[in-house]
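To keep things clear, I will list the structure first and then write my remarks on it.
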């Protein structure tokens, strides 16, 4: 058995052991017959060994063909077409006599796909295992099939599972045919890919343009909304300012009317006094009434000139001018209120009774800035000097109608003693040092003045 196994391992692929005893030489024929008759179990073992060897070769070739033909339907078809000879091997196993006869006639069965052809008629046929120039038959090239054509072919054959497309023979895949087909497939695929890429680029460009347009439209709408909102706010503010200006203008007009009425009340009695020639009274130049009249007339002239020059000016400039004028009027009114109590005694002094004309001369002489009127009694035209009085507090000399006011102010200034701030007492407040300073007294608390430096 070990010898048979070694022999089978060294045999070539397409060669099988002969079983025809007639081809053996004559002297060994008797021995062979006795051997066949005596040991049938050895023949059965030999047949089993041969069958196992053929099966192993078949399985190896199936694996190689599975790698070459990837399409499942082609794979099954090639298996069906190329490996139909196991039936023959089974027949040979079942009928060893016919096998021996076939071998006797010169027919041999090989393990390849051409095993069922007779050897004599197979001279023109090139075996599959023989190599040709430029093509490796052990590893042929895989067919290039486009996936679309594959999908259509599969879709067309799904209905009928028994009908398979005839796969191309291995010899059909030559280098020239493969190159032509490959170029055609690449050209078709390139055109399709270029078209799809162009469509995608156009779609992406249109989409980006649409997105940019939408963004610009949204930004424009937001800007318009913001402008509308600001316009509404500005209109509201403008209405408020106009109402405020109207209110200020009405207030100013009312204040002006009130001031005019007060002025008429003040001026009418003075004009009546002036109209009375018998009771002539000389009004001092610097009296508060004269100043007020002068300021009022000046303001009126300014208002007239301003109104003529600013007729076409804006409302804001006009309102500013009105506000300044109102402030000025209030300031004048406050000054008048302050001067009223001072002017009353001076008026009384300037208006003595009419029975004594000498008193009128005396009162008129008290004003240093006013010229003296001639005496009504026809006395001499000599001008009397104004009478001066001395202040009891400071010793200065003043006119009699000013002396009283100065004396009041001077007495207040002299009588008020300013309290000097003592930082040492402020620091000692609330401590035992304060008690000590109070016990010691203010005389001792006074610090001696620093000595004058005479280093020069």
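Cβ coordinates are placed from backbone N, Cα and C, and glycine is handled just like the others.
Residues or ranges marked as Zn(2+) binding site in Swiss-Prot: 391, 394, 406, 410. Counting only same-chain residues six or more apart in sequence, the Cβ atoms lying under 8 angstroms from the Cβ of residue 394 (Zn(2+) binding site) belong to 410, 414.
Taking the coiled coil (211-265) as a whole, pLDDT averages 92 in the prediction. Here Swiss-Prot flags 211-265 as coiled coil, drawing on sequence analysis.
Positions annotated as compositional bias 'Polar residues' by Swiss-Prot: 35-46 (among others).
As annotated by Swiss-Prot, compositional bias 'Polar residues' applies to 90-102 (among others).
As annotated by Swiss-Prot, compositional bias 'Low complexity' applies to 368-382.
Annotation comment: Swiss-Prot describes 16-46 (among others) as region 'Disordered'.
Per Swiss-Prot, region 'Disordered' is recorded for 85-113 (among others).
Per Swiss-Prot, region 'Disordered' is recorded for 336-388 (among others).
Among the features that Swiss-Prot reports, zinc finger is placed at 387-416, with the record citing sequence analysis.
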Helix-strand-coil residue split for the zinc finger (387-416), DSSP-based: 16 helix, 6 strand, 8 coil
